[in-house]
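K.L.:
I have a structure here, written as structure tokens, and I will follow up with some questions on it.
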Amino acid sequence: QQSGRRYNLFLKRRLRIDKRHQSKDSIFFRDGVRRIDFVLSYVDDLNKEWEKKLERRKEFESNLQKAGLELETEDKKESEDGKIYFVKIHAPWEVLITYAEVLNIKVPIKENDIPSTVENPLDCLLAPLRLPEKVMHPEPDYFTAPFSKEKQELYLINDESTFFSPSMRNRIVNYILTRCPYGTEEGKKKFGIKRLLNNGTYSAAYPLHDCQYWKKANDPNCDNERYTLYMEWARFLRFYKEQPLDLIRKYYGEKIGIYFAWLGFYTEMLFLAAVVGLICFLYGLFTMDENMSSKEICDPAIGGEIIMCPLCDRECEYWRLNTTCESSEYSHLFDNVATLFFAIFMGIWVTLFLEFWKRRQARLKYEWDLVDFEEEQQQLQLRPEYEAKCTQKKKNPVTQEMEPYLPITSQAVRFCISGTTVLFWVSLIIASMIAVIVYRLAVYAAFASLMENTQSLQPISGLLTPQLATSVTASCLNFVIIMILNFLYERIAIWITDMEIPRTHMEYENRLTMKMFLFQFVNYYSSCFYVAFFKGKFVGYPGAYTYMFNRWRNEECDPAGCLIELTTQLTIVMAGKQIWGNIQEAVVPWICNWWGRRKARNNPENLYSRWEQDHDLQIFGALGLFYEYLEMVIQFGFITLFVASFPLAPLLALMNNILEIRVDSWKLTTQYRRPVAAKAHSIGVWQEILNGMAILSVVTNAFIVAFTSDMIPRLVYYYAYSENEDSPMSGYINNSLSVFQISDFPDRNKPKLNPENFVICRYRDYRYPPDHERRYLHTMQFWHILAAKLAFIIIMEHVVFIVKFFVAWMIPDVPADVKAKIKREKYLTQKILHEYELEKLKERLCQGDKRATEKEFIATEGRMELSRAM
């Protein structure tokens, strides 16, 4: 029986091969002429909803045909698994020109005669980074005008089948699919492919890739753009090459094109920040031996004789300062004079990045015909979900038509629920951060005891101090909690945004963006803010320590400062996020696709069709770019908000982004279905978020330099308290440590053991000694340092903000040559259109058309003269 089944399957496949001699790896209908612009798929599941789904499909496909689209269905017997039906859709010329006018699509009217910009003398040096001209500019540059059916002879229509690019064609078909009705249910008119996908009537809807990515198609009419993108862009070995932005835009649409343009520009600008950061790091590395503070800490005669107070109650013992020798040396790598310079530099770099991006964006808007693009036309249309869930209607004051609306009371209730949910999750992040702090406080004593009593850890005890061990393990624990909360909140954010029922697509994206960014901002940065601005600031002093929940003693910073711990925290969270992000983006889709196609891998090409190959790929959803932007903006925060603590952060970001560009391009080209082309003239609300983070970064870095690093106390000592003219920084460590009399310890704090009978211990603060009349109160030096810190913050902020605003004012948002080109193109386009109208009018006059009056002719000529004058 089993052999009989195999024989029948063989016959079935043999018949399918004989049925069609040409390969099914094609993007055309069976006639080989009509191009497949979109594909719908569905499965005939015989459940109770089967008849209803069948009726919906019949009605929907009938209405698609009434709209002028042509359909061709592949029976499930023709599919690889024998279960899926495929409906192929073709948009004929008449449909394309009708909706090109509706969508205001710009098409070529004349080849661009504006000379290209003067060649850069450095072009010969940049030649190895360039791609072939055919890849960089797949089409000639044209003057364009919005399409009009009445003026078809005006446009450069050489071939109707290729006049509209595949991305334009799938955008037009998608426009029809999202608005096509499929019947009435419960007294409501139902329409749109999105609803049919949600209710399971169709299982997928997608445009086709034009060929397989690893080889060219056999069809000579195929452009093989996917293959070109893979070979020239999506392979990691091409990481040093420029991106073919025009080809990306042509194949995927402007929205995806603008993302890769922004990511590429951001990566280019990171190169400068990475070089300067590396120089600052090398400065710290080469001056380690000259650092007087670490010299004194490591000196057995100075640091070896200073007895420090215990870092926890009862269990911890007194310790000698020179046990932190290695960590104090490493802290100098990041806590030095170059840190201040780099913080100021990054404040200016951020401004340059944002201003130059505006200029680059303006150039792309011109080159990609987005100057007059009205995003509102595309984005302000009502969402199908809004129309489905809003039962009440009112008259639109603009269109005077009845349209659905959500009552104010319902909106208020939904916003209250949404706001409460967001606050709850933000509170959950703060609670988790407090839990990690409690972990730090609780395990410190355990690490101190373990490292002191375990002989095998003695060789590394100098490098791996209890503070560092606690910081590293707490950072790893914090990263795991961040990832878990992030995974859960993504779903919650989408749910509450859906519950709010935003009116338009733009509203939906903006609301979701703000929710996700607010959450991730708190989630990723809260631990860094704690280490930077809270740890070691509210410790108290021996005998009067401050406690969290009256139980756990607050953490102290290392004698060399808290900056090295902030660096550790930042490195683990930033690097961990980037590694995990790349695994999610590249490895997971690859495994899913490999598993899904394991049965079809050995099938001949004429059985595994182009539409089935694409059906088995992953879906690049409507929020696909949203997550890409979010990932990069969070990274942008790491390299700007806390960069004073880690000059190598831009270098890490640069290496990640070089990989990110190729990972994103690889997965989009090889692992995902082709997205529907969409227009966009900017990066949208992300621009405002970046501007806000740029301003905040100046404040945070000023506070990090002032309160987290040791720079200001060292400067105050250098200029006001140093007594050695030959070596002004000698004695700084002794000066920065206060004295405590051990007999003043209350029983709660006093260590169990004092084998060497120490009388005094030292702690990091500026307080009077026990024999002073103002014992344990802050000294005047403390107030001098505090005043210097506040003065530094005010001066640094004002200097950087003045430079930022001056640079922003000096750099125009639109380059002068682009302004001139836009004006030239508008003038020539108007001239061509007016001349065309004049010629048509002359023809009508010559043919004796009574409606074409002499006055109309004079008015048209007058309009041309006026246009020339303008």
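Note that the numbers count up from 1, one per residue, in the order the chain is shown.
Quick reminder: no glycine exception, Cβ is built from N, Cα and C everywhere.
In case it helps, TrEMBL gives these features for our protein:
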type: DOMAIN; residues: 28-245; note: domain 'Anoctamin dimerisation'
type: COILED; residues: 43-77; note: coiled coil
type: DOMAIN; residues: 248-825; note: domain 'Anoctamin transmembrane'
type: TRANSMEM; residues: 259-286; note: transmembrane segment
type: TRANSMEM; residues: 337-357; note: transmembrane segment
type: TRANSMEM; residues: 422-447; note: transmembrane segment
type: TRANSMEM; residues: 467-489; note: transmembrane segment
type: TRANSMEM; residues: 516-533; note: transmembrane segment
type: TRANSMEM; residues: 633-654; note: transmembrane segment
type: TRANSMEM; residues: 689-709; note: transmembrane segment
type: TRANSMEM; residues: 782-811; note: transmembrane segment
K.L.:
Can you work out which residues elsewhere in the same chain, 6+ from the ends of the transmembrane segment (782-811), have a Cβ less than 8 Å from its Cβ atoms?
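P.N.:
343-344, 347-348, 350-352, 354-356, 359, 694, 698-699, 702-703, 705-707, 712-713, 715-716, 720, 765-767.
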K.L.:
Quick check for me: are there 3+ Cβ pairs below 8 Å between the transmembrane segment (337-357) and the transmembrane segment (467-489), leaving out pairs under 6 residues apart?
P.N.:
no
K.L.:
Can you work out whether the transmembrane segment (259-286) touches the transmembrane segment (467-489), with the criterion being 3+ CB pairs under 8 Å where the paired residues are 6 or more apart along the chain?
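P.N.:
In this chain the transmembrane segment (259-286) does not contact the transmembrane segment (467-489) - fewer than 3 Cβ pairs sit under 8 Å.
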K.L.:
Can you tell me which recorded stretch out of 422-447, 467-489, 633-654 has the most Cβ pairs within less than 8 Å of the transmembrane segment (689-709)?
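P.N.:
Selected stretch: 633-654, with the most Cβ pairs under 8 Å.
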K.L.:
So what's the mean pLDDT when you look at the domain 'Anoctamin dimerisation' (28-245)?
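P.N.:
Within the domain 'Anoctamin dimerisation' (28-245), the model's average pLDDT equals 86.
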